[in-house]
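To start, the structure itself, in structure tokens.
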Amino acid sequence: MGNCLHRAELSPSTENSSQLDFEDVWNSSYGVNDSFPDGDYGANLEAAAPCHSCNLLDDSALPFFILTSVLGILASSTVLFMLFRPLFRWQLCPGWPVLAQLAVGSALFSIVVPVLAPGLGSTRSSALCSLGYCVWYGSAFAQALLLGCHASLGHRLGAGQVPGLTLGLTVGIWGVAALLTLPVTLASGASGGLCTLIYSTELKALQATHTVACLAIFVLLPLGLFGAKGLKKALGMGPGPWMNILWAWFIFWWPHGVVLGLDFLVRSKLLLLSTCLAQQALDLLLNLAEALAILHCVATPLLLALFCHQATRTLLPSLPLPEGWSSHLDTLGSKS
């Protein structure tokens with residue numbers, strides 16, 4: 001995906017013009033210095049050329065966006081059907097309402113992927129792009145918070161365990177996720193027909209807030225869960241957060257949070273990159289981290305399916321069946 005652009009080559013006219021201007025200033029200010037090496041002058045002129053990076057997610061990456069979106073929608077829809085299917089064993093999964101919300105978040109992300117994909121025309125409005133980024137990050141923030149609650153509360157999230165707990169968490173988590181998306185919604189728009197984040201001095205506060213939100217949700221939250229798990233185990237204070245296969249979700253977003261933080265430091269000139277190669281490496285990491293984050297909408301339904309399969313196979317013999325399930329099983333037993 002993408003076409004790599006190497007260091008810009010100066011045209012003969014540009015090179016001659018630059019050389020003439022440089023020599024005029026040098027001669028008038030310091031006099032002619034015949035000992036100035038030609039090689040050093042060429043190296044300095046080459047170093048002053050613009051630094052171009054390889055954009056992996058350009059127009060040629062459109063098939064990747066479309067395929068990921070289609071697969072994500074199909075996989076999320078299948079998981080939602082299984083979770084809401086009457087008298088299906090996946091409804092016995094601990095905290096299945098939270099799992100259903102994870103599938104909804106993954107489906108929302110999958111739907112909005114084509115909106116932000118390059119190569120789908122040049123008439124997209126800033127409002128559509130802002131809405132796309134709002135759903136993009138809002139669904140991701142909500143999924144991360146849902147995973148944190150599912151790991152911390154575990155079996156107490158089951159239907160009927162704590163009255164009103166699931167509803168309260170649902171409203172709170174999606175409300176917080178919506179608030180966290182306000183900075184990126186206001187700092188995004190359309191430029192040259194592409195949806196992009198707008199970097200400017202006026203929007204620097206919004207960009208900083210968005211970066212902090214990504215670092216907190218995608219980087220610090222999983223680190224906090226791992227830390228709490230290890231600390232409680234070391235101190236003998238109980239099992240700690242419930243570790244399961246769903247934690248693999250953070251693998252897809254953790255690099256995005258880290259690289260986004262580095263990019264903000266570079267743009268704010270708090271971290272200086274001395275070479276063009278370092279800037280190209282950072283741009284490449286940004287593209288790779290974004291591509292990995294996009295793939296989560298396909299991986300999340302698979303993780304949910306694997307978790308529900310493992311949980312029901314392990315917990316089904318020890319879980320009390322709801323009344324509807326008991327009568328259904330009794331009917332099946334009498335028929336046999």
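Backbone N, Cα and C define each Cβ position, glycine as well.
What Swiss-Prot records for 1-63 (among others) is topological domain 'Extracellular'.
Taken from Swiss-Prot, the feature region 'Mediates Plasmodium vivax Duffy receptor (PVDR) binding' applies to 1-30, supported by experimental evidence.
Annotated N-linked glycosylation site per Swiss-Prot: N16 (among others), in sequence order.
According to Swiss-Prot, the sulfotyrosine annotation covers Y30 (among others), on the basis of experimental evidence.
The N-linked glycosylation site annotation in Swiss-Prot covers N33 (among others) and rests on sequence analysis.
Marked as sulfotyrosine by Swiss-Prot on the basis of experimental evidence: Y41 (among others).
The annotation disulfide bond is assigned in Swiss-Prot to C51-C276 (among others).
Same-chain neighbours of the transmembrane segment (64-84): 1, 57, 90-91, 93, 96, 99-100, 103-104, 106-107, 109-111, 113-114, 116-118, 291, 294-295, 297-298, 300-302, 304-305, 308, counting only residues six or more beyond its ends whose CB sits under 8 Å from a CB of the stretch. Residues or ranges marked as transmembrane segment by Swiss-Prot on the basis of sequence analysis: 64-84 (among others).
Per Swiss-Prot, the feature topological domain 'Cytoplasmic' maps to 85-95 (among others).
Summarising the annotation, Swiss-Prot assigns transmembrane segment to 96-116 (among others). Counting only same-chain residues 6+ beyond the ends of the transmembrane segment (96-116), those with a CB under 8 A from a CB of the stretch are 65-66, 68-73, 75-77, 79-80, 83-84, 90, 124, 128-129, 131-133, 135-136, 138-140, 142-143, 146-147, 149-150, 157-159, 166, 169-170, 173, 195, 246, 294, 296-298, 300-301, 304, 307-308.
Taken from Swiss-Prot, the feature topological domain 'Extracellular' covers 117-129 (among others).
Feature annotation from Swiss-Prot assigns disulfide bond to C129-C195 (among others). Sequence-distant contacts (6 or more apart, same chain, Cβ under 8 Å) of C129 (disulfide bond) comprise V115, L116, S188, G189, A190, C195, T196.
Per Swiss-Prot, the feature transmembrane segment maps to 130-153 (among others).
What Swiss-Prot records for 154-166 (among others) is topological domain 'Cytoplasmic', and it gives sequence analysis as the kind of evidence.
Summarising the annotation, Swiss-Prot assigns transmembrane segment to 167-187 (among others).
Residues of the same chain lying 6 or more positions beyond the ends of the topological domain 'Extracellular' (188-207) and with a Cβ under 8 Å from any Cβ of it are 115-116, 118, 121-126, 128-130, 132-133, 264, 267-268. Residues or ranges marked as topological domain 'Extracellular' by Swiss-Prot: 188-207 (among others).
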Secondary structure content of the topological domain 'Cytoplasmic' (229-244), with strand meaning DSSP E or B: 7 helix, 0 strand, 9 coil
Which listed residue (C51, C195, C276) has most other Cβ within 10 Å, given these are disulfide-bonded residues: C195
Secondary structure content of the topological domain 'Cytoplasmic' (85-95), with strand meaning DSSP E or B: 4 helix, 0 strand, 7 coil
Tertiary contacts of the topological domain 'Extracellular' (266-287), as residues 6+ beyond its ends and Cβ separation under 8 Å: 2, 7, 51, 53-57, 199, 204, 207-208, 255, 259-260
Per-residue pLDDT averaged over the topological domain 'Cytoplasmic' (309-336), given as an integer: 56
For the topological domain 'Cytoplasmic' (229-244), distant same-chain residues with Cβ under 8 A (at least six beyond the ends): 150-152, 154, 307, 310
Assigned element (helix, strand, coil) containing C195 (disulfide bond), judged by DSSP: strand
